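Here is what Swiss-Prot says about this protein:
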SIGNAL    1-19  signal peptide
TOPO_DOM  20-292  topological domain 'Extracellular'
REGION    27-264  region 'Legume-lectin like'
CARBOHYD  N60  N-linked glycosylation site
CARBOHYD  N130  N-linked glycosylation site
CARBOHYD  N187  N-linked glycosylation site
CARBOHYD  N210  N-linked glycosylation site
CARBOHYD  N231  N-linked glycosylation site
TRANSMEM  293-313  transmembrane segment
TOPO_DOM  314-682  topological domain 'Cytoplasmic'
DOMAIN    348-622  domain 'Protein kinase'
BINDING   L354, G355, R356, G357, G358, F359, G360, E361, V362, K376  ATP binding site
ACT_SITE  D472  active site, proton acceptor
Amino acid sequence: MAQRLHLLLLLFLICFVNLISFSSQQDLSFIYNGFNQDQTNLNLDGSAKFLQDGLLQLTNATTQQKGHAFFNRPFEFGSASSQSPSFSTHFVCALVPKPGVDGGHGIAFVLSSSMDLTQADPTQYLGLFNISTNGSPSSHLLAIELDTVQSAEFDDRDKNHVGIDENSLQSVESASASYYSDKEGKNKSLKLLSGDPIQVWIDYEDTLLNVTLAPLKTQKPSKPLLSITINLTAIFPDRKAFIGFSAATGSLISYQYILGWSFSRNRALLQSLDISKLPTVPRPKKPEKTSPLLIVLLIILAIIVMVVVGGFYLYRRKKYAEVREPWEKPYGPLRYSYKSLYKATRGFNKDGRLGRGGFGEVYKGTLPILGDIAVKRLSHDAEQGMKQFVAEVVTMGSLQHKNLVPLLGYCRRKGELLLVSKYMEGGSVDQYLFHGDKPPLSWSQRVSILRDIASALCYLHTGASQVVLHRDIKASNVMLNGNLQGFLGDFGMARFDDHGSNLSATAAVGTIGYMALELTSTGTSTRTDVYAFGAFMLEVTCGRRPFDPAMPVEKRHLVKWVCECWREGSLVNAVDTRLRGKFVPGEVEMVLKLGLLCTSIIPEARPNMEQVVQYINRHQRLPEFSPNTPGIGVSTPVLMGLPSLAITSSSVTSSVSGPSASPSSANNSMFISHTIIYGDGR
């Protein structure tokens, strides 16, 4: 009897404890209509703080900051045998930019296994992860982000989006910020970084997660912005998580606030926020108004400047009118009027500037019949050699190959030459390799581009009526169309850049890292182009410039470093890390070895472009050679500055006779000069 009594008592205690536990889980419900009362249950860190008017400020106008605010009791899901977890939350936030600057980075509602996110980074990591924890299942974190900066590394769709992040900032679901208007029956865009309060509802039930947005005084829309199935218990095996907010700034800053917050395990029991009780969002002060007297003085000064500039413009227009000479009559169909090019480029507006290089600036334009074009403006003060140069430009325009950028014509003014070519909407290869505004190229795209340029260069060497040496093959001179097909461009500038003088075949011309050793002694030939193409192959495969003075000494010369990787039996380690291992190892090894063969310092050891085309298309196998073969993997002395050159860069200057060099703003490589030569250069 006593034993049975003990068992009943034990069973009662177990049921009582479970009931208390279940009750505590059911009781996790709260509401904050502003945060000026009962702040004890909220844990803040970083830049987060409560303001006197009841606002919860997560970040201020300081760079590289992060702020967190968590409810100090965990949201517990219960045992594995209990019902599936569910919750609903409603909060109002505001992201306020500083006047005159772009704001960032964003704010997120967070479920985390820990309130301690102090090891997370600000900027694009939003105070949620760092480089080592991002993407790790051990992070145990689910976030709904309101992101105002587009980060290419996380495949963000734009700089005004909402995303659902599961242990990673690469969202499993995202959409541009908007809300469904039940009145109009369609989605309406919503600017996150407007400074206006935004309502956010997050509902989770039966593994379905819904995220809904709306302006402040709008009822909850009937359709969510995001809806996705999420297994919350898989993210949080311990079946509990802390709930709260995270926000961050980087070099872009903004004030990020939470005005009110309501949470409940049961959507039906979720208390609605009282909009009338929410604090007002402060607006940063705008600069004080300029005094009327100063405005009048500025207007008078502007009028004077306009008169002076207008007079100077008329003077310049008369003095530098378009130049036409009798010998240009045969080229009439290829001659464009300056007025048409001026209108096509909207007056060479800086907004249409595509780039700036060692020879001049390139602008995008539109002609009625041809459509989009690229116009390159070149300054030139000498008339000597102009006739021969224009003749060469026209001849270059007659070259026909599918992978050459078509040269359409020219325009000539006193002191200026304008070259018109087809516009390539894909930009240049170096923009994909070295600039964050373009997505990384896949391996198949890179190989296809290399094959395109090899075909074009083979045509210049063997397919034209005369041998054409490009002499400046590099990533910034390889253009792409909308389908990412490669086109070799930016040729025909040599004689003009040398101020009309007759070019010597022994002149050392090109860009640092692409120049063959023999340029300063025996001069140019098709094999010097082969060397530059080999450097370009390595550049595209490795995602590194052929010569980078900022790298450690052992990695400064790409040719030497790739050969060293081969010597150590790890050739594929030289591949661009942005490929993330998605490449064909055998094909990569073939391309890298071919690049090393083309950059041999022994000209006779290099293949010609016909052979290169056969090798890169896998029609022939590469000849047998090793990293210890003479001439392979040797960095050329011209990169260090030979006595016959005068190379000027931000770090090296040599005041000796020879062609001068200047840094190219197009690709930050040291450019010496650039030519095309017709004749027997095979």
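Going from the start of the chain as shown, residues are counted 1 onward.
For all residues, glycine too, the Cβ spot is worked out from N, Cα and C.
Keep in mind that what you see is a predicted model, and the values were worked out from it rather than measured.
For the domain 'Protein kinase' (348-622), the model's average pLDDT works out to 85. Distance from the CA of the residue listed as 'active site, proton acceptor' to the CA of L354 (ATP binding site) is 19 Å. Ranking the glycosylation sites N60, N130, N210, N231 by Cα distance from N187 (N-linked glycosylation site) puts N210 first. In the shown protein chains, 14 other C-beta atoms lie within 10 A of the C-beta of N130 (N-linked glycosylation site).
Counting in whole angstrom, N60 (N-linked glycosylation site) lies 38 from R356 (ATP binding site) by their C-alpha atoms. Comparing Cα positions, V362 (ATP binding site) lies closest to D472 out of the recorded positions N130, N210, N231, D472. Closest in space to R356 (ATP binding site), of the recorded positions given as N130, N210, D472, is D472, taking the CA atom of each residue. Considering other CB atoms within 10 Å as the measure, the emptiest surroundings among the binding-site residues L354, G360 are those of L354. Here the candidates are the recorded positions N130, N231, G360, D472. The one whose C-alpha lies nearest to that of N210 (N-linked glycosylation site) is N231. R356 (ATP binding site) falls within a strand when secondary structure is assigned with DSSP.
Between N130 (N-linked glycosylation site) and D472 (active site, proton acceptor), the C-alpha separation comes to 41 Å.
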